[in-house]
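Database features (TrEMBL):
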type	residues	note
BINDING	65-69, 136-142, D169, A272, G325, H378, D446	(6S)-NADPHX binding site
BINDING	N66, D132, S172	K(+) binding site
BINDING	K415, G416, A417, G418, S419, G445	AMP binding site
DOMAIN	19-230	domain 'YjeF N-terminal'
DOMAIN	236-506	domain 'YjeF C-terminal'
Amino acid sequence: MPYPVIPAAHLRLYPVSAIRAMETANPSDSAEPSLMERAAAAATRLVTTLMPEPGAVLILAGPGNNGGDAALVAAQLASAGYSVDICALLSNTMSADSQSSWQRCAQSQAKRIQAEQLTAVPGYFPYQLIIDGLFGIGLSRPVSGLAAELIRAVNRASALQKVPVIALDVPSGLNADTGAVIGGEQGIAIRASHTLSFLGNKPGLHTADAKDYAGHVIIDFLEASVSADVRETGVLNCANTLPAMPVRASNSHKGSFGDVLIAGGAAGMSGAVLLAARTALFSGAGRVYAGMLEAIAVDFLHPELMCRPLMKHTPHKEIIVAGPGLGQSETASHELARLIAANRPMVLDADALNLLAQQAQLQSALQQHSAEKILTPHPLEAARLLNWTVAEVQADRIAAASELAHRYQSVIILKGAGSVLCQPGNAQYRINTSGNPALATGGTGDVLAGLCGALLAQGLAAWDAACLACWLHGTAADDLCLNGTGPVGLTASELIPAIRRALNQHIALGQL
């Protein structure tokens with residue numbers, strides 16, 4: 001079946017600074033309805049779509065403009081016949097728009113309740129829907145005190161009772177730029193089933209913790225005017241932003257589709273090489289060499305692979321995928337240096353990245369390497385390459401991927417929930433939309449590396465190969481989970497034929 005197409009405007013990702021510029025360009029003193037009025041109307045429309053029959057709604061409202069949005073939603077829903085309870089955490093100062101919203105809320109049938117009524121005794125929530133309007137994109141410190149208690153109570157109720165939760169603009173406690181819960185492991189955020197993002201899409205709704213907190217993301221541009229100098233900083237990597245595969249001529253042969261060398265396979269780790277090599281084979285590479293430090297004679301499952309000792313293989317025209325099961329021995333380091341010196345397009349993964357992080361001479365050699373490169377670190381490998389902590393990488397995955405691309409002059413796939421892709425010399429990033437926790441198992445990274453190598457071998461540039469590989473890898477896992485193979489128990493080997501199916505479907509759709 002065709003993969004869903006996301007409207008082009010919804011793909012663009014705007015940082016908080018750009019959203020603030022949009023707000024400034026649409027002042028509330030104009031003749032048009034204010035942004036707050038438009039945001040409230042959008043939220044009310046979403047509520048009536050999700051719950052057409054008026055029922056009981058709980059609204060949490062904070063001290064800022066997000067709370068003003070929530071207060072106006074309360075008034076509108078109450079006038080539409082919904083039974084609305086609103087719990088407010090207000091401050092002594094608020095904008096004129098917020099003051100107006102609270103006045104309208106006070107004049108409505110919405111009922112004000114105290115936070116203690118929700119937090120004092122954990123138990124049943126008599127609501128069919130909850131709206132989070134506590135904090136928006138301006139939050140910069142961890143949620144604490146009574147607000148944190150409210151969030152815990154709502155998260156508990158929504159989990160136990162399956163009550164839908166709509167977050168206005170961004171789930172309270174989540175960083176709209178990075179997707180990290182503010183405060184890290186000590187922080188707390190609303191776990192929303194839906195997030196209604198105002199004015200534009202935001203990167204922090206698609207990576208890191210966002211996958212567990214934002215739920216289904218809906219964009220409403222509020223009919224706002226946008227200045228030409230307000231630009232997105234990234235886009236979503238999804239079905240309708242992917243590069244096309246080169247058309248295969250009828251008059252072609254195995255040499256037409258490139259050669260791939262998978263380099264790794266230290267003692268006890270030959271499986272990593274085989275996973276990467278089998279993926280390259282299933283993804284269309286013409287010839288695949290499995291170069292191992294501890295060589296095996298043949299892959300009996302796939303004898304099409306050419307297995308050989310890595311030390312005896314001199315690369316000529318192959319795409320090199322270095323790292324799966326390579327180990328970190330002196331021999332492994334020597335072989336990696338030799339492969340880098342061959343100056344062929346490369347994919348570096350796993351132990352190739354660990355060796356690179358450890359050895360300045362390998363870093364210098366990579367700087368002299370002029371062919372295209374793709375690095376595929378997970379957060380720990382990224383932390384080693386940057387000399388950061390894992391917490392620092394995960395606190396701002398976009399910044400980490402961007403720094404890696406600049407420092408190593410390579411295309412980067414920073415793996416994880418909402419994988420981040422960056423390239424050197426271009427500030428715009430991508431956040432991948434496919435994939436699920438089924439991929440959190442050994443060997444799936446080797447599969448991704450082999451897929452990148454196969455796409456490079458078939459003529460894609462490194463950036464295009466990385467974007468397509470990342471999406472296909474996640475989509476294959478999504479397809480398998482839909483068929484019951486996952487999210488628990490999916491193996492890397494099962495992923496390989498699913499990638500082939502997804503790739504062929506992508507090719508077929510591109511030829512329509």
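From the backbone N, Cα and C atoms, a Cβ is placed for every residue, glycine too.
Annotation note: D132 (K(+) binding site) sits in a strand segment as assigned by DSSP. In the three-state DSSP reading, D169 ((6S)-NADPHX binding site) counts as coil. Within the model, the domain 'YjeF C-terminal' (236-506) carries an average pLDDT of 97. Cα-Cα distance from N65 ((6S)-NADPHX binding site) to D132 (K(+) binding site): 13 Å (rounded to the nearest whole number). Sequence-ordered, the extra residues of this chain that approach the K(+) site, with Cβ no more than 8 Å from the Cβ center of N66, D132, S172, are L60, G62, G67, A70, G133, L134, F135, G136, A167, L168, D169, V170, P171, I190. DSSP assigns N66 (K(+) binding site) to a helix. For G445 (AMP binding site), the nearest of the binding-site residues D132, I137, S140, D169, H378 in terms of C-alpha separation is H378. For the pair S419 (AMP binding site) and S172 (K(+) binding site), the Cα-Cα distance reads 23 Å.
For I137 ((6S)-NADPHX binding site), the Cβ neighbour count at a 10 Å cut-off comes to 25, with all displayed protein chains included. Neighbours of D169 ((6S)-NADPHX binding site) among the binding-site residues N66, D132, K415, G416, A417, G418, defined as a Cα within 10 Å of its Cα, are N66, D132.
Distances between the Cα of G68 ((6S)-NADPHX binding site) and those of the binding-site residues D132, S172, G416, G418 are shortest for D132. Of all the binding-site residues listed (N65, N66, S140, S172, S419), S140 has the fewest other CB atoms within 10 A of its CB.
With the fewest other Cβ atoms inside 10 Å of its Cβ, the least crowded of the binding-site residues H378, K415 in this structure is H378. Closest in space to I137 ((6S)-NADPHX binding site), of the binding-site residues given as S172, K415, G416, G418, is S172, taking the CA atom of each residue. The shortest Cα-Cα distance from S140 ((6S)-NADPHX binding site) to any of the binding-site residues (N66, D132, G416, A417) is found for N66.
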